[in-house]
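First up is the structure itself, then whatever we jot down about it.
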Amino acid sequence: MAATALGWALLHHPFGPLWPSVVTLAYCVLLLWRPHAWLFLVPALLPVIDLTATTGAIYLTESDLLLAATLVMGYARSAWDGPGGDQPHRAAFGLSRFAGALLALLALSYAMSAARGFLPYMPFDQQLADYNNRWNSLRVAKGFYFGLALVPLLVRALREQGEAALTRFMAGLVAGLALICLVAVYERMAYPGLMNFASDYRITASFWEMHVGGAPLDGWLLLTLPFAIWAAFSTQRLHFLVPLVALVDIAAYVALVTFSRGVYGACLVGVLVALAMQFDRKLAFTDKARSAVGWLLLGAGALFWGMWATFRTGGYRALMAVVFLVAATHFATTLGRACGRVGLTSASIVLVLGAVLDLTLFAALTQGSLWAWGISALGFVAAAALWLKWSSPMAGGMALGAWGALAVAGALVTYQGGTAAALVVYAWVALALALVLVVKCVRHDSAWTWSPRSGTIVFGAAVLLALAVAVPDGYLMSERFSHTQGDFVTREQLWREAVSWLDSTSDWLIGKGVGRFPDSYHKRGPASNIPGTFSFPHDEANTFLRLSSASHPLTRGRLQRVVQAVSNDVVPQLLVSFDARVSRTATIYLEVCGRHLLYGEGCASHTVRLKPGNGGWQPVRVTLTSGAFERGHWYAPRRAYFAVALASGGRSADLDNIQLIDGSGADQLRNGDFSRAGDFWFFTSDHYYLPWHIENLFISLLFDQGILGLAVFIVLCLTAAVRVLRCAGYWPQAPYFLASLAGFVTVGSLNSLLDVPRLATIFYLVCFAMVVIRTERSARSRI
């Protein structure tokens, strides 16, 4: 069945069957050569492989092709090899009877709810446009069933390769996080800017599903970030550690610039769960180690307060100076041999010379403080390299003096960029760090001694604290925190409405049907909030676009746009031509903007007022003159999208034969006559999301699958958590799996997550991996 579906999907791909088939065949050949490579490739590619924002295909996507090909090759190999084979770790992995029954019950719940949502059957080609149709039930349900179908392949891989297979899967999650972060950083650079924390811009990365809101990016971050932390702490190789620590910091930045209060809280829950499990693991810490960790947490809290106070009074430059001074302090704790007479003498000389140079540059140059800081930083690096090479008291003293010069330069940067109050705060932070060095010189113990590994981790942790200080302090996050109560009231009202639509006993038991909330809201939601729709009806063998507008006020941000990606090389003087048919006077809004998914930037736009004719089609030609499309920076070019929207409330309009002619005379649109229905046409709603999501994982499950589905889901999560807790004493990855589950469920308390199929697939796969691990120590010892 998977092979048939795969072939049909390839045959009907918007780009044609050739290139999708070639790529899929190459992947199949790879699995033929390395059968368990899917454990890495599926979680790595799933979040970034979809091209839906370009193809317009929301029901059959590239992630479906990836998963279907994986199943075809996996089950073909299983059929060829038979049920036996070399499985040295068979005793360590497998489904218990209880777990098997649990998965069967959840599969039954999904089947009943999907069937209820899907039936009675309606032709596929009549429902391609949006989510207000019965095929959405199958779209949402496939996320679970893909994950369930992968369970036998997962168990087989674990039994054949043991922990190596599990590590490969976790590495794939880390790779998926890295790719998502790269896309998110590009998006920030191309649109609001990396350091612009005041713009009302919410990133979407490569999750096209956020075209109508939702939080798949939030869910992916919380699901995978714990495994990036695991990778950073478990690797012993510096050339792996540095990029992994950088990934953790970048992922933290991406999590912070989601400006999602739920993400912030879920990250905290995940960290606390992981820390609690680490402390509770048998033989994890000696009393001395527990005490050291306690002091570390106390110091991190004090440093966070110091960074916050410095940033509030001195800004980004002062914060940067503190970050580098912390890293330099950690290195300077190794300079115990510099505490003698020779070392202190050389330290005093270097400090005086460095301070004089800093003050001279500060007084002589406009940006003298930055020059002084840069030269002092280079001086410290040179002195540190000298110490690592010779480790003599004089070299250590020179490094200690260079640390002092760096602290002075940081004070000058703080003073020039802030106020006298900022200088006082910075001075207290610098004195506290100097006290650490004094204590280190007196005690001469091995605690917190610098090494390339510990230095990388400390610097990464300092950057992490700095991000946690700087990003939430921006205008946008302050505004969001101030509206927390109002936003919660809106969500609570939505939850009450959704529950009130469960009319019958069957609704409460098995739900309205998977994926049926958008259609239910469209039919039963408040009339003032029901969104517009679009479709591709047929009229005398002709297919066209029909737009129906919402009844709520249509500001530019609340328009429902039908969009198509166009070339970034469009030549100015854009001409739009189309045929239109309206029964009442209506306004059509046209634009070409730079947009990643939402929020157009640098738009060339125009509005057209259409009047009803004699019931026939009217030709329309307009020039987009109210602006010019901005391509963005060369290193982060913006993607160009053409968009059309109905800007009159309570109206409908039929459009056909749309062309976008640029200055070169070329038509930039594909399928402008809609002969292929919705191919290459997509839709977005920039600021209005309520009609598509219940915004709560558990209430969404209750609405879709009833009490039965919700109860089985909760039992599955609890079973996975209990399995991990039982293995915690002798399974080092246990804290990270539980932190992943806890973070995902926490962010799901304020967002619907499982209505995104590829995210649901990975979430269920993580849960199933937790469930198939045997809890008996004797079984685990055979791995």
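In case you wondered, yes, glycine gets a Cβ from its N, Cα and C as well.
A quick note: this is a predicted structure, and the numbers were derived from the prediction, not measured.
Noted in TrEMBL for the protein shown:
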type	residues	note
TRANSMEM	98-119	transmembrane segment
TRANSMEM	139-158	transmembrane segment
TRANSMEM	165-186	transmembrane segment
TRANSMEM	217-233	transmembrane segment
TRANSMEM	240-256	transmembrane segment
TRANSMEM	317-335	transmembrane segment
TRANSMEM	370-388	transmembrane segment
TRANSMEM	395-415	transmembrane segment
TRANSMEM	421-442	transmembrane segment
TRANSMEM	454-471	transmembrane segment
TRANSMEM	697-722	transmembrane segment
TRANSMEM	756-773	transmembrane segment
Within-chain partners of the transmembrane segment (240-256) [C-beta distance under 8 Å, separation at least 6 from its ends]: 174, 177-178, 180-181, 184-185, 203, 205, 221, 225, 228-229, 231-232, 263-264, 267, 453, 456-457, 459-460, 463-464, 467-468, 471-472
Leading stretch by Cβ pairs under 8 Å, where the reference is the transmembrane segment (756-773) and the options are 139-158, 317-335, 454-471: 139-158
The transmembrane segment (395-415) touching the transmembrane segment (697-722) per 3+ Cβ pairs under 8 Å rule: no
Residue numbers, six or more beyond the limits of the transmembrane segment (454-471), whose CB comes under 8 Å of its CB atoms: 197, 232, 238, 241-242, 245-246, 248-249, 252-253, 256-257, 300, 303-304, 307-308, 311, 316, 319-320, 322-323, 326-327, 330-331, 448, 477
Non-local residues, at least 6 beyond the ends, that sit with Cβ under 8 Å of the transmembrane segment (165-186): 36, 39-48, 154, 157-158, 194, 203, 205-206, 217, 220-221, 223-225, 227-228, 230-231, 244, 247, 250-251, 253-254, 257, 636, 733, 736, 762, 765-766, 769
